[in-house]
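Below is one structure; the comments refer to it alone.
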Ligand SMILES: NC(=O)C1=CN([C@@H]2O[C@H](COP(=O)(O)OP(=O)(O)OC[C@H]3O[C@@H](n4cnc5c(N)ncnc54)[C@H](OP(=O)(O)O)[C@@H]3O)[C@@H](O)[C@H]2O)[C@@H](O)CC1
Ligand SMILES: Nc1ncnc2c1ncn2[C@@H]1O[C@H](COP(=O)(O)OP(=O)(O)O)[C@@H](O)[C@H]1O
Ligand SMILES: [K+]
């Protein structure tokens, strides 16, 4: 799914109005109808709950008033408040205010302290949407604080009031903290940024029929990976043999961390590779041979660390780093590896990334088909500096990917795949149960398997990250998030 900036969403709105054609107030009606249908379907507005609808004077407030009318017509009796936060009001706000006032009165809120919010109530937050131009202050900020202090269920219309939809807020901004955000058509970029988690809650999309032609015509670097958009592995030919699916090499493990090599090996096999060789220090030999009998084991000459370069020519892809440690000899090994691997697709992870952070000249020499898989701390080390906010992080990620011409998978709740063509693909699968040791090693194995099967690095990264998260979701459905381990993620892999 393509994602857009606020300015593009505004143009999308205008394009739909002109080309469908539909009047803007009817489009607002459609948005309010979709929101109300969602609300009634979820049962969050059961009649015994009091519904408070807080409206601003722009189109978000207009949505709030149209929702109020639709609820009123469905038999609910919402308490509707409007806040005078601006000199101006939007035309569609005015029309919807008049329409509502044919049914009931609204209250102009002068003092937020007087809001009779209670914990069994539902607050519909329609103060401000994507038209936010500055941080909330004054009466608006007081009202938002009052909403956040109440124990009521809060549902934001389109985007939480006070949250910028496509740029960073200041740390001390006053922003609604909803339990749910019901957003029109597409997720806003803000929903995917880690620091915004308290200002989004659970987000849901409702379809308001904005023009598909605009989506097709309008370029954007941002994508949200949904089931319809993921790359696919080619079907397996019935006459194929194990040679068809590549021979992967994993270089992983050190004394006390052979488990990382085991997890990456298992997931590489579940990723569909034809043949797998695992290079581990001598201490890992028996462990690999007994716990992953499908893999061949190449023992390093060193007892506890990886030190020995290989002839890489027979491998279709290499994954290096999980549990590898950062011993001096392993640093030298990585240097030799990079020199040798220029024509081989590779995944560089974990300790190998930390070595790269210290030996920065190696970044310039990375093979053309490289995927790096840092978590945020590892990415910060690679950059050599922290970022100011999540959007600056994205800019730096893009610069990094373009400068070194590699795919970077920045892991997290919405793992981002950044590619040298300037695109960002935010992942949609996975869950907090995966925040447990070893799940990253599982991802390395999967990505190595996909590269061995000749997927291009960008496609391999988008697909692998998606399936890895999906495997985590399957594992969480079976065991619950608390009990989930990295091995369960391996077991959850399906293609
Ligand atoms: N295409 C779609 O998806 C559709 C979108 N729709 C809806 O439209 C919403 C966007 O509406 P919108 O553009 O009218 O903006 P909205 O957020 O209501 O703000 C209004 C005004 O508030 C003001 N203001 C800003 N910041 C302020 C502050 N801190 N403190 C005080 N005032 C502040 C500022 O005016 P100013 O005071 O700067 O003159 C601004 O113009 C969108 O979120 C969705 O709900 C649907 O109806 C139909 C289809
Ligand atoms: N809250 C979360 N939601 C979704 N996925 C998560 C979450 N926390 C972690 N993950 C995923 O789990 C993996 C963790 O990788 P990493 O931090 O390298 O762990 P490790 O080094 O222990 O293997 C990543 O793929 C990440 O995207
Ligand atoms: K809102």
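Including glycine, each Cβ sits where the backbone N, Cα and C put it.
These features come from TrEMBL:
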| type | residues | note |
| --- | --- | --- |
| DOMAIN | 9-216 | domain 'YjeF N-terminal' |
| BINDING | 59-63, 129-135, 158, 260, 323, 375, 441 | (6S)-NADPHX binding site |
| BINDING | 60, 125, 161 | K(+) binding site |
| DOMAIN | 225-495 | domain 'YjeF C-terminal' |
| BINDING | 411, 412, 413, 414, 415, 440 | AMP binding site |
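Feature map: annotations from TrEMBL on the structure.
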{"residue": "59", "record": "(6S)-NADPHX binding site", "Cβ within 10 Å": "27"}
{"residue": "60", "record": "K(+) binding site", "Cβ within 10 Å": "26"}
{"residue": "125", "record": "K(+) binding site", "Cβ within 10 Å": "30"}
{"residue": "158", "record": "(6S)-NADPHX binding site", "Cβ within 10 Å": "25"}
{"residue": "375", "record": "(6S)-NADPHX binding site", "Cβ within 10 Å": "16"}
{"residue": "411", "record": "AMP binding site", "Cβ within 10 Å": "22"}
{"residue": "412", "record": "AMP binding site", "Cβ within 10 Å": "16"}
{"residue": "413", "record": "AMP binding site", "Cβ within 10 Å": "16"}
{"residue": "414", "record": "AMP binding site", "Cβ within 10 Å": "21"}
{"residue": "415", "record": "AMP binding site", "Cβ within 10 Å": "25"}
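Candidate binding-site residues: 130, 133, 161. Fewest other C-beta atoms within 10 angstroms, 133.
Fewest other C-beta atoms within 10 Å: among the binding-site residues 62, 440, that description fits 440. Mapped onto three states, the DSSP output places residue 125 (K(+) binding site) in strand. When the binding-site residues 59, 125, 375 are screened for a C-alpha within 10 angstroms of the C-alpha of residue 411 (AMP binding site), the residues that qualify, in sequence order, are 375. Residue 440 (AMP binding site) has 158 as its nearest neighbour among the binding-site residues 59, 125, 133, 158, 161, going by CA to CA distance. Taken as a whole, the domain 'YjeF C-terminal' (225-495) shows an average pLDDT of 97 in this prediction. Taking a Cβ cut-off of under 6 Å from any atom of ligand 2, the binding-site residues 59, 60, 130, 411, 413, 440 reduce to 411, 413, 440. Other than 411, 412, 413, 414, 415, 440, the residues of this chain whose Cβ falls within 8 Å of the Cβ centroid of the AMP site are, in sequence order, 375, 410, 416, 427, 430, 465. Cα separation, residue 60 (K(+) binding site) to residue 158 ((6S)-NADPHX binding site), rounded: 8 Å. Listed binding-site residues: 60, 125, 161, 411, 414. Those with a CB atom under 6 Å from ligand 3: 60, 125, 161. Rounded to a whole value, the Cα-Cα separation of residue 130 ((6S)-NADPHX binding site) and residue 415 (AMP binding site) is 24 Å. Of all the binding-site residues given, namely 161, 412, 414, those whose Cα is no farther than the 10 Å limit from the Cα of residue 375 ((6S)-NADPHX binding site) are 412.
For ligand 1, the binding-site residues lying close by, meaning a CB under 6 A from one of its atoms, are 59, 130; the full candidate list was 59, 130, 411, 415. Among the binding-site residues 125, 412, 413, 414, 415, the ones whose Cα sits within 10 Å of the Cα of residue 158 ((6S)-NADPHX binding site) are 125. Residue 62 ((6S)-NADPHX binding site) and residue 412 (AMP binding site) have their C-alpha atoms 36 Å apart, to the nearest angstrom.
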